[in-house]
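Asks: Sharing a structure, written as structure tokens. Questions coming.
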């Protein structure tokens, strides 16, 4: 009797196993497609902003970006102390201006850091894995047409490229933020795709537009994502530490950081009003608030 029951069981189990297998394959295919769209969005956010470099070369456009690039070169050449004691008579002729203490120096510090980091690597080029499998007409869509190059860049070239690099970072941060608040990876992919080409961001992050907004937007999006991540559960509050650091980066970069300050405070107040208060929210807000008032 037991033997007959054992032989009868597998036919009943097989449809269930087949269903699980098909679901697993479908999830893998869907996940791969979403990853490709996300990677394509970040790549598109970068490549679409290279048009000015492709047409005019590594040039800084407009006065404010030119002034920011000049301050970056001064910081790179003369160091931290000289930068914060620099009184510039040239850019603000004839009265002059104390530069280091009257600007938001986060963009200059970041750019000099990137420049010095790139100097650690020798000039080298290598092909992307699987380049030979990509159809030739698709190669222009890949970074460097499938060949990556790493090497020393001048401070000017770093300043030109920073907006495009951080546009890709902002696109990825919007993906993570949307996924966190909606719990839908599909909605997150769509948000990343929109962020990569949205005109409001595009016009302030083209290569050569080395202005505060191009760095601040990436810092804003990252801070919002990390804040939402820090209040997911009562035990998620340690994520408020990188959220405070991202906020500090926004403070050091652009005066518009006050929007982050107000929105996060308003969000915490609304959660309390809706009865969503928990100890993790209190701890996360305390960490962020401490970082806020020590910037």
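Even glycines carry a Cβ here, placed using N, Cα and C.
Owing to the predicted nature of the structure, the values given are computational and were not obtained by experimental measurement.
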Asks: Looking at 24-46, 47-69, which one does TrEMBL call transmembrane segment?
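Replies: Residues 24-46 are the ones TrEMBL records as transmembrane segment.
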Asks: Looking at 213-243, 244-274, I want to know which stretch TrEMBL calls transmembrane segment.
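Replies: That would be 244-274, per the transmembrane segment entry in TrEMBL.
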Asks: If I go by TrEMBL, the feature transmembrane segment sits on one of 158-179, 180-201. Which?
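Replies: The listed stretch tagged transmembrane segment in TrEMBL is 158-179.
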Asks: Taking a Cβ cut-off under 8 Å, which residues six or more beyond the ends of the transmembrane segment (24-46) line up next to it in the same chain?
Replies: 141-143, 164-165, 167-168, 170-172, 175, 185-186, 188-189, 192-193, 195-197
